[in-house]
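To keep things clear, I will list the structure first and then write my remarks on it.
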Amino acid sequence: MEADWTETVRIALPGPSPNAPSSPVTTFCFDDSQELLWTGNDHGRVTSFYGPELQRYTSYQGHVSTAPRGIPGNAHVKALLLCNKGVISLSSRSIHCASRRGLAQWHFASPGMQDLRCMAFTGRGSASEEIVVAGCQQQMYRINFEKGTMLETVSPSPVPYTMMRRSAQYICASAHDGSIHLLDPNTLAVVQTWQAYAGTVNDMDARGDYLLTCGWAQQQYGGLGLERLVRVYDLKQLKPAAPISFQQGAAFVRMHPKLSSTCIVLSEWGAINSIDVQNQDVPVMRFAPMFDAQVTGLDILPSGKGFVMSDSHCQVVLWGSQSKVRFTEYSKTTEFPDPQMQSKHLDWAADLPLNLIGMPYYREALLSGWPNSLAHEIGAPPPKLEPALIAKLRKTEPGLVGANPRKTRRNQAEDTRASRQTHEPLAAPKFLSEKPRGEHGDHDSKRRLSEDIGKTLNALTVNGGSQADMLAYYRPVEIKYSKFGVDDFDFKYYNKTKYSGLETHIVNAYANPLLQLFRFTNVARNLVLRHTAKDCRYESCLLCELGFLIDMLEKAQGQNCQATNFLRALSKQPGAATLAILEDHTINTPLAIMVQNLTRFMFTRMEDCFQRVAYNVGELQVAFATRGSAFSRCMHCSYEDAKEQAWYSHDLIYPPKPAKNSPRPVRHSFTRLLQDSVHRYDQQRGYCNRCQGYKPITSRRVVHTMPAALMINTAIHTPEARQLWATPGFLPHEIGIINANSQFYCYEGQDLELHLQRRTHTIIVYQLVGLVADVAAGDAQKSHLVSIVDASISDPDPTSTTDWHLVNDFLVRPIAQEEALLFDPRWKLPSVLTYQMKSRSHDLDDSWKAGIDASILYRSVAQPAFTSSYKFRPLSVFESLPNNNTYYAIDAEFVRLLREEIDMGADGSRTITRPARSGLARVSVLRGDRLEPELPFIDDYIATDEPVDDYLTQYSGLHAGDLTPGISRFTLVSLKEVYKKLWVLLNLGCKFIGHGLSSDFRTINIHVPEGQVVDTQDLFSLGHRSQRKLSLRFLAWLVLNEDIQQSVVAGHDSIEDARTAYKLWRKYLEYEDAGVLESVKDDILQKGRQMDFKVKIIVEKDGRRLPETPRTSTPSTPVKRPVSMVRMSTPARSEFGSPLK
C-alpha cells in the first residue's frame, strides 16, 4: 500500500428498480481481463462498473427474488466467478451464467438447491472448465460452465461450507462451525482440517503457499467477537504458521496479487494494515473514514494498484492513487454499444412548405409502390410437433430422434401457416358500466353476446362442432379490470348456471378445480361443514377454511366467489413451502404434479386439523382413508414386518412397456389398474432389522376397510400411459369393489352388473363424482387445470339424473357425459379422480346448522377507550341467540396490502393487469332491534403478518403499527376468529344493516344472501332518476342532520358508520310506512344536484371547518300509524308530502 493511496471514488449501488433506494452489496469482485468491477445485491441483480470512475456498464437479473416491493430481497448473490464465457453468479437457490454484456448463457435451479453459499474453480487458470458449488445443505454440485451442464451431484456433502477459495493445489473451504478444510480439486475429498474459530469464518484468501483467515472467536468476557489475529496456514507443509496481530479486530483480509507474501487487513470500522507475512514488524497503517458505517467487504485490484471496499450504507469505495489506478495491467478492450446518430431537428411549423422537408434519395421504386400482383408469401414455418409425438422421441447427440408419424402423403405440401394460426379465447364481455341499464337501473340481461359469441358456442356439441370450437371453453379465462375494479367485470357472461365459479387473480388459484371437486363430493362437504360448526380455535385450519368456502359456494347460487382465505391459510401451513404446491416456491413444475402433491398434502394437514377438535381421526378416515396393513418381507431371512396404515389417496400404477417381440398386448382396464394400485406388490432394496443390512425387500398391502370417497391420482408420466387414457370408454362412471378375505377386486361394466345380480359377495359400488383435468387447449396455450363434475350427485333430489358440468375457474357450463369422459393425449388428460359410494349420493347433511357452536360470539373483547363516547358490551350467554328476526348493523375498515399493477401501452392507454389487494383491518357489529340498540358487541382489529402498503388512514382511521402484534395500541385478533363470528351470525339467520355492504363482503370474502342484507345505499338509491350512488356522509347530513367522518386525519370510525347506517334504515322504514319515500328521493336528488352531492363546509372565524346546516330541520314523519320493525312493502302515495320540504 503506497503512501499516496486515498479514496478516489464513492458510489451507491443502484436499487432493484429505477425509483427504488440503494440496495446493499452482498458480494463483489474484479474482472481479471477487463476494466470492470462486478457487484451483486439482495434482489439477485448483478451490476458492473467500468474504469476508475466506476461508470455503470451492465446490469441484469440473474436470480429471482420473491419478496414483495419495499422490503429487502431474498435472492442474495452469494459469490461471483469470472471466466472466458462470462460471469457466474450464485444465490441460495440457483446458479446463473451470463456474458459480460448481460446475455444469459445458462441457469440451474432445482428443488435440492436450498442454501448454496460458495463456489470455486476445480482447475487452474484458463484451463479450468469446471466449478464446484456447495453450501449449508446436503448436496454439492460439479458443473461444466463452458457447456452449461451439471456433471455430478455429490451427496451427502461432508460438512456445510460457507466460503471457498482456490489455491495452487487445493480448494480451501470454510465450514459453518469455524473449521477450515482443504479439498482435493479432483475428488473433492478432505485432505486436511483445522478447527480455527469458535464462531464462523468471516473472510479468507489463498494465494501461493499461504492461506489467511479472519473469524469470530470467544471473547474474554463472554460472547463472540472478531479475533484480533489473522491466522496464517502454510499450504506447502500443511500446518499453521505464525499469526498476524491486528488489535482493531480483523474483519477482512486479501493477499496482494503481485507481492506473494503481502496482505491487506481491514477492520469493521476502517482500520487498514498492509503487512508482510514473513516480516510482520513494519506494517503500513492507514484509516479510512466510514461515516458511521461498517465495512462489509474487501477486494484488491488485479493490478495491485488499489482496493475496493463496501459498507453498510450500500456504498462502494475505491482506494488508490489518483494517477495510477488501473484494474488490470493488460486488459482487453471492453465492448460498448454503438453511438446513436443524432437526428437533425426539423421545425414543423404550420406555415412551413413541405418541399423544405428532406426526403431520402432513391433510384428504384419503393416497396410501398409495388403492385399487389408482385407481393407473394414465400417460405413457410416448420410444422408444429404434437406433445404426444415429442414424448416418444429419444435424445441423441444430434438432437431428438423418433419414428415418422406419416400423417401426410409423400411429397404432399402441408399448410403450416394456417395450422399455426391460434384460436382466440372467448372474447371478453363489455364492462357492466358500459352496458345499457334497465328501467330500475339494473343491467339489461337480454344483451347480445358478442358479445354474442355465446349464440354460436352454446350450440356446439362434441360430435357436431369442430374440436377447435369446443376447446374455446377449456382455454384459460382472464378477468379484465376497468377503472371501477373487478366489480365492473361481467361474470354472468361466463356462468348462467346455479353453480358458482372461483376467480383467478389470486396466488395459487391453480387449486380452484380441486376445491370445486371437494365442493361436489357430499362426503367432503358434510364432513368439513360439521367440523366448521364446532369451536375450532386453530388459526390456519384447512378444514374450517374449506368449510367456509363450500358454504359460500352453496349460498352464492351461481355468483362468482374467491378462495382468498383458504389459499392464504394454505400458504401458511407447516411444510408447504418445501413442497411443490405453492406457485411462489415452484419453478417449471407441471400443474398436474402440483395438484396431485396438493391432494396428498391437504389430507395430511386435514388430519392434523381434525385432531385438534375431535382428538380422533376416525370420522375423517371413514370418509377418505383406505385402512389396512403394510407388510414388508426380507427375501434373505424371510423376516416379515407389518404395521397399520391409512392411505388417503392412491397413485395409479401402469403396466410396464411390452417388449418389441412380445405377442399382442393385453387390453388393460381402469379397474385392473386401480386393483393393482391399491393392493400393490413391490420389490426393492431396504434395511432389514434382523439381517442388520440392506437386502431385497418385498412389500404388499392388505386392505381392511374402504372409504366413503376414493381419491385417485392418475400419475400419467409415460407416453404409454397417455395413450391408454385415449381409449374410448376407459374411465367408467361406476365401479364395484369387493374386499374380502384379504383379497381386493375391482369391477366395471358387465362384470359389475353380473356380481350385483349374483350377490355372492358384499360389493361396494362407487360413482364418479368428477375429476381435475390438465388441459392444453391449443398449441400456443399454456397448460392449466379445469374440473369436470357430475352436479346431480350433490343435488338433494334423488330423482335427478346425470348432470355434468365443466368448471373452468369462473366459467361454468353444462356438458354431455361423452364430452366429460373423453380424453385426448394432445390436450386433455385427468390428474385427480374422485369416486364416492353410490349410497352417499344426494346425501346432504344440514344438521350442522342447528348445532352451530356460538360460543365465539361471547369472546369478543372491548378495545381501549380513547374517547369518552366509546361504549361496548359483548353478547352474554343470558341473551338469546340471534335468529331470522334479528337485525345487526355492521361496518368494516380495510388497508391496502398490495398496489395495483398497470401496464402502459405504446399509445398511452392504461390496462390494469392486477388489481390492488386489500386486507380486513377492523370489523364493528352493533345491536339492532334488541335491547340497547346501537351498542357494539363486536369491535375487532385484525392482526396481519403481511407487509401493509398503505393504511388508508383517511378512510380506515388506522396508522402504522396498529395491526402489528406487540406494538399495536389495540387488542388484536386473528382473521379467522373475526370471520368465524360473521359466519356464525350469517348461518344463524340474522340480517346485516350497512352502507355499501357488497364491496365490504367481497373483501371479507363472505357471501351473504340478498334476503339477509339491508344496504342503505340501495334503500336510498335514486333508481331511474340517477345512477349515482350516494355516500353515507351525504345521506347522514341531509336525512339525519348529522355530520360524520369529519376528521381527515382521524379517518372513519366503523362504529360511527354502522350506527349511521342503522339510523338511516330506521328513517327509511318511517318514510316507507308514511308513504312519502318517493317524495324524499325526489328532494334528495334536487338538493344533491344543487350541492354536487357533497357536504358543504363552512370555515368559521376561529379556523374551524363545520358543515353547513340544512335549511330545513331534521326530517320529520307525519304520524300515521306505529312504526313496525319489520321491513314493509311500499304503500301507495298518500296525501303527505316529503318531510324534507
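Cβ coordinates come from backbone N, Cα and C, glycine included.
What TrEMBL records for 396-449, 1104-1141 is region 'Disordered'. According to TrEMBL, the domain 'USP' annotation covers 500-838. Residues or ranges marked as divalent metal cation binding site by TrEMBL: D891, E893, D1000, D1057. For 1109-1124, the entry in TrEMBL reads compositional bias 'Low complexity'.
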**Request:** Note the mean pLDDT of the domain 'USP' (500-838), expressed as a whole number.
**Result:** 89
**Message:** Using the Cβ center of D891, E893, D1000, D1057 as the divalent metal cation site position, which other residues in that chain lie within 8 Å, going by their Cβ?
**Reply:** I890, A892, R922, V923, S924, G994, H995, H1052, S1054, A1058
**Request:** Inside 10 Å of the Cβ of D1057 (divalent metal cation binding site), count up the other Cβ atoms and send me the figure.
**Result:** 24
**Request:** Please list residues from the chain of D891 (divalent metal cation binding site) whose Cβ is under 8 angstroms from its Cβ, counting only those at least six apart in sequence.
**Result:** V923, S924, G994, H995, D1000, S1054, I1055, D1057, A1058, A1061
**Prompt:** Can you count the other CB atoms that lie within 10 A of the CB of E893 (divalent metal cation binding site)?
**Reply:** 23
**Fill in**
Cβ density check for D1000 (divalent metal cation binding site), other Cβ within 10 Å (all protein chains) comes to 22
